[in-house]
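What TrEMBL says about this one:
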BINDING   16, 17, 18, 19, 20, 21, 22, 23  NADP(+) binding site
BINDING   110  NADPH binding site
BINDING   195  L-homoserine binding site
ACT_SITE  210  active site, proton donor
DOMAIN    360-444  domain 'ACT'
Ligand code: HSE
């Protein structure tokens, strides 16, 4: 008897984009063709690769006879369309066209999904086709499927992610070498981690898109890029990094999505944000080094889970893309369909001011009796409780204390962001306070 793979006609795969990831997808589809056919139950036939310039030089792994500049025509003759071109347009129009033509789609396009995912999900639902996007969040790390499927029987409370490898590399370099931010970013560019224009990474846009996707899946609530409070790493100094180490922390750019049930410390709803944060060195995320990514999930029944691996790069991202291609292809062979967007919970999205967090504030004050009491009073007036106050004898890495000036390091207990930021503003106005040197949030404690 012929196997299913022998009896089922080939499934036509169209690839949109042939950059670092697309090249690896094309290579793996060819090199692993036999294994993929056995796993799917039908051969996967790469029928075309849409590129902007078909005459440009390409990696030897790419069969040049498959290159085409007619992306719209290509999507019409495919069973599965893989989009790894990035950017909002023409990716959105091409994927919609593919869906309307009855193709399943696989995309790695986090920006498009965070901005306009619902348009694609709705179209895929109406057409009865699959839409998969494992590679859009944290590259090779299986995180979309675990949150969407494996944890579908649980209640996720919180997702804390290091989902941008460039900024993790930069912050890690600052911590290990004492370098400043600019120098570490230049080094990341030289090594090919950071783009020539690193804005999307260092200003947190890339992480915010991934946070929106993860939050939507985790909380069955539609979360878009505009719902994510975002702060990048540009304000992090070598001194902040040195102080973090002295207090048993590392600084990480975190994507945080949490469900709050309301109560004494805040409103009920979903809080989604991206910002640099002090993470205790004892937390598993503190050991995520270099350009690696990790996502830490806290769920009611499962407890704490951590997913770790490469968040970018051609082959790692292609691995996630191929996994989705196999899932979509299996449905073509065996019938059935992957999960749809689930937004039944419709939890309110909390404003940034309602996020509950802890602050570590570093400030220079006049070194005389009663100053600490004044500062403590300002915190108390705003209902912010102090966890620890340090008056270090030695300053941070960058400078030396002026005579008569003391540095204070105040760590608060958890409080709403609105109260914490109002407190810092009030403290800055106090007569003996010279400067607020740094304000960092503390997470994962
Ligand atoms: N630029 C991203 C990073 C990878 O540095 O992690 C793609 O999202």
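Cβ atoms here come from the backbone N, Cα and C positions, even for glycine.
A map of TrEMBL features onto the structure.
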residue	record	DSSP class
16	NADP(+) binding site	strand
22	NADP(+) binding site	helix
110	NADPH binding site	helix
195	L-homoserine binding site	coil
210	active site, proton donor	helix
Shell list (NADP(+); ref centroid = CB of 16, 17, 18, 19, 20, 21, 22, 23; cutoff 8 A): 15, 24, 25, 26, 84, 85
Sparsest Cβ surroundings (other CB atoms within 10 Å) among the recorded positions 110, 210: 110
Pairwise Cα distance for residue 195 (L-homoserine binding site)/residue 20 (NADP(+) binding site) [Å, integer]: 13
In sequence order, the binding-site residues (19, 21, 23) whose C-alpha falls within 10 A of the residue listed as 'NADPH binding site': none
17, 19, 22 as binding-site residues, winner by CB count within 10 A: 22
Of 16, 18, 20, 21 (the binding-site residues), the residue whose Cβ has the fewest other Cβ atoms within 10 Å: 20
Distance, residue 17 (NADP(+) binding site) to the residue listed as 'active site, proton donor' (CA atoms, angstrom): 21
